[in-house]
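Notes to accompany the following structure.
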């Protein structure tokens, strides 16, 4: 039987509509039940923000050298954050700071801000903040007295920029949360760190030492974050080496070797647009460069270029808007619309006894190796300095150690070895380490011991081979001397119980019992575990030595793998040192007996490491059993008690007839520069504390495109461009900015000029922004 054609058409339409509605209802049902979703198990977001602090007058944090005061910028500091979340579950935040260490008061205030913005989404429990341990960042942002003495107390400007930067990096990461995947890889990096206290390491049991090939950890562990739509959006890695490639006399703000590595890797990715490119294939000796990618070559005729350059003389200083330097920064101009910026962080680990100065320690007077046990030269520690691979150029040493970490990270990044799978979780607790009972087991026998209120030993004042101390202090001193004990007693005489508790450490500063004008050292410390699938991050508020870190990792791994509930046999455990607050060093019991710098700086006595192991095992057990942990006693908020003695900027001035931004020493004229040359120019300027130029720049190298269009080529976030600030005397209102550009290999030939940005303070407190340009010069 046949039906009329119009009838068949109507039946077909009805069936088609029924199919559409059926599919639509089925899709709604699947969405409601959660069956249809992204193939990714995680939401991933990354963020980064400028935390470069005051570039003048403020003491650097790390070496405790009162003479090391900031006077310019090597390259900028950043807070880099990642968030990993289960779509309908828990989430964690990890922030890596280009700073010496995390700060308790900084975290307290960051969490307060996050709570005001997001409620209970981000708390002290699931947010971790870790420092890379650069010794070239502004100090004054910690709340305990002993850490802010050399910065003349608390520096609000240092504190504010770090808190702001962390908050904004987390906001960026939160806003960038999208479905994605995470991959993990690890590999050996052999030439980026050596043990600076080998005599203490040798005091560890021989059987234990035989378990390891090296006396420092050589393994880098890297996470690669991949957005489902955009592809790779970042990487974070953990590797132990001190941020002391820049010396104790350096005065330029710098992220040191780890900050350099991060800058190189982010530029490498932006430059390549992510092709799986071996880092050894880069044009200029393996380092990424941007300039040839963003501007075309203008001319190659030197005479023609010189003629063009002579037509652009230095311009007088003139007024500028507050945001001009932000709009001119190189990386801001390159950012792609909508796509998240690639973020790469090089995080710190158990670096306590690991130095980047891999050539070893030598006496400055004889050139011979320092004494093995005490790191002295003729009995004096002041003459014993370690040497980086670029010795005697600390900038070159910083570049080399940074480049080695960068190259290894690229190698690991290019191999997607293993995908992260599994739940996201965390545990956090506050523990009072001043009198903590610790149960120590040895071959079936157990003993209960205690930690001690914080105290620092005599060898602390001796410093290390990365930055020796002064006077007659030496490493390995387990006796002390009568004169310095007399000086100590003027501040606080330790009790017999305290002396006995810390033995064999002779106490120089009894910081844990010093409370005037407020606490000198922390007693309550945060410990934290973050789990992302088979990756476990142990957030430790101090600097573990190599063997101490190994023992902690092994102890936690034993707990995690002892339960059948933990679904991964191959777990990755990394230590994030200098996290959430700072409590100096953690050595093994055996290393503590030697009383080198690290042992003398182990605040809570010989059983400090055992206390950490005990408490981290509790967190690990709670993690695998899905149990809550007690929050513990809250650390104090001492912000309202802080004392600030750093004088403010009163007024800035220039000579009569001169404008802010005028050139006072121009570039060399009628001369052609080439790769490797240093080009300099100086400007009349003002104190950089008037405006930190956050997410902007004080210094710029501009490239002439076409006839009169100057475009940004390099700024003060580039390794090759340095901004140096100086004034004739501390009380002078006049100052100069000197810009130094070490022309990198492979630079595009053409016409360039310097440009400087600044902000001057008037007599009545008003701030005037200005800019000025040098004469043009030729690079061929």
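All positions are counted from 1 along the displayed chain.
The backbone N, Cα and C atoms fix where each Cβ goes, glycine too.
TrEMBL lists 1-37 with the feature signal peptide.
The domain 'Neutral/alkaline non-lysosomal ceramidase N-terminal' annotation in TrEMBL covers 42-614.
Over all protein chains present, the Cβ of residue 242 (Zn(2+) binding site) has 29 other Cβ atoms lying within 10 Å. Residues or ranges marked as Zn(2+) binding site by TrEMBL: 133, 242, 543, 585.
In sequence order, 193, 194, 195, 196, 241, 242, 244, 386, 464, 465, 466 are the residues of the chain that are 6 or more apart from residue 355 (active site, nucleophile) and have a CB within less than 8 Å of its CB. The active site, nucleophile annotation in TrEMBL covers 355.
What TrEMBL lists as domain 'Neutral/alkaline non-lysosomal ceramidase C-terminal' is 616-779.
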Average model confidence [pLDDT] within the domain 'Neutral/alkaline non-lysosomal ceramidase N-terminal' (42-614): 94
Which listed residue (543, 585) has most other Cβ within 10 Å, given these are binding-site residues: 543
Under 8 Å by Cβ from residue 133 (Zn(2+) binding site), counting only residues of that chain that are 6 or more apart: 62, 100, 101, 242, 243, 256, 258, 348, 351, 543, 577, 578
Residues close to Zn(2+) site centre defined by 133, 242, 543, 585, Cβ within 8 Å: 348, 351, 352, 354, 542, 577, 578
